[in-house]
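Chemist: Below is a structure I'd like to ask you about.
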Amino acid sequence: MLLLVDAGNTRIKWVLVDCSSGQQTPGSWHVAGSAARAETAQLAQAWSSFSISRVLLSNVAGAELREELERAVLHAAGDIELEWFASTPAAGGVRNHYLNPAQLGSDRFAAAIGAHVLFPNRPLVVATCGTATTIDAVNADGAFVGGMILPGLALMASALANNTAQLPEVALHASSTQPFADNTDAAIVSGCLAAQAGAIERAVKAHAAAHPQGELYCILAGGAADLIAPHLSIAYKRVDNLVLIGLHTVAIHTLPTC
């Protein structure tokens, strides 16, 4: 079994791919799971019942989580080599045009790879809406152009509560559809949703202007995507597990038989 792990700031998502099933298709796996950041101890138990022969991980949540993941894999699979995915000048069919390719977050690069393998030969805007919202442009030929980073929906709302005297912490929900709210809680939600949707729409407009001959797809992913999606005035394609699809693509490119 091939274990793929997407360790983010809030949740750890993982899948297991059956390497004996012949030709691999990115995004097709045997079993999937997730755990909250504070629940990493449960991962070893979840993985222990499988025969894991290869592990590919993306971690953007720091050294402490990396050590916890190493311990979980050791407990579940023994002393096997861990492959830590990092951004390089090229991988999985995507070329990284960052000035310093290694500086690009591994999750953003993997998401771009996943989007490109799912929707090849067309320009893409990849919006991943999590703790942070990242909005990246990929050309039809697989060139990662660059992107935007802004606070995620929940982080944006909590920043108002934490840094102002009179604005409350609010529960984010999808029922706030009016742009001009008649109460403070709804006004915060409306403003944060408008900022997120507006950034995505601006990115799509800019990338589409650079590629007038190609049909651009906006790919929407991440835990807050379903809250933001109804407020977009543009067409989009909702995709789950984009980072894991990208990792699966890289694994296939480097060793097709796992």
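Glycine residues also receive a Cβ, built from the backbone N, Cα and C atoms like all the rest.
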Chemist: Asp6, Ala7, Gly8, Asn9, Thr10, Arg11, Ile12, Lys13 bind ATP in Swiss-Prot, but which of Thr131, Thr133, Thr134, Thr164 does that record place at the same site?
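Modeler: My reading of Swiss-Prot gives Thr131 as the candidate in that site.
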Chemist: What is the set of residues, excluding Asp6, Ala7, Gly8, Asn9, Thr10, Arg11, Ile12, Lys13, Thr131, whose C-beta falls within 8 angstroms of the centroid of the C-beta atoms at the ATP site?
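Modeler: Neighbours within 8 Å of the Cβ centroid, excluding Asp6, Ala7, Gly8, Asn9, Thr10, Arg11, Ile12, Lys13, Thr131: Arg37, Val60, Ala61, Gly130.
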Chemist: Sorry to bug you, but what's the C-alpha spacing from Thr10 (ATP binding site) to Arg108 (substrate binding site), rounded to the closest Å?
Modeler: 15
Chemist: For Thr10 (ATP binding site), just count the other CB atoms lying within 10 A of its CB, please.
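Modeler: I count 13 other Cβ atoms within 10 Å of it.
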Chemist: Sort the binding-site residues Asp6, Thr10, Ile12 by C-alpha distance from Ser106 (substrate binding site) and give me just the closest.
Modeler: Asp6
Chemist: CA-CA, which of the binding-site residues Tyr98, Gly105, Thr184 lies nearest Thr10 (ATP binding site)?
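Modeler: If we rank Tyr98, Gly105, Thr184 by Cα distance to Thr10 (ATP binding site), first place goes to Gly105.
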Chemist: Taking Asp107 (substrate binding site) as the reference, which of Gly8, Ile12, Thr131 (the binding-site residues) have a CA within 10 A of its CA?
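Modeler: Cα filter at 10 Å returns Gly8.
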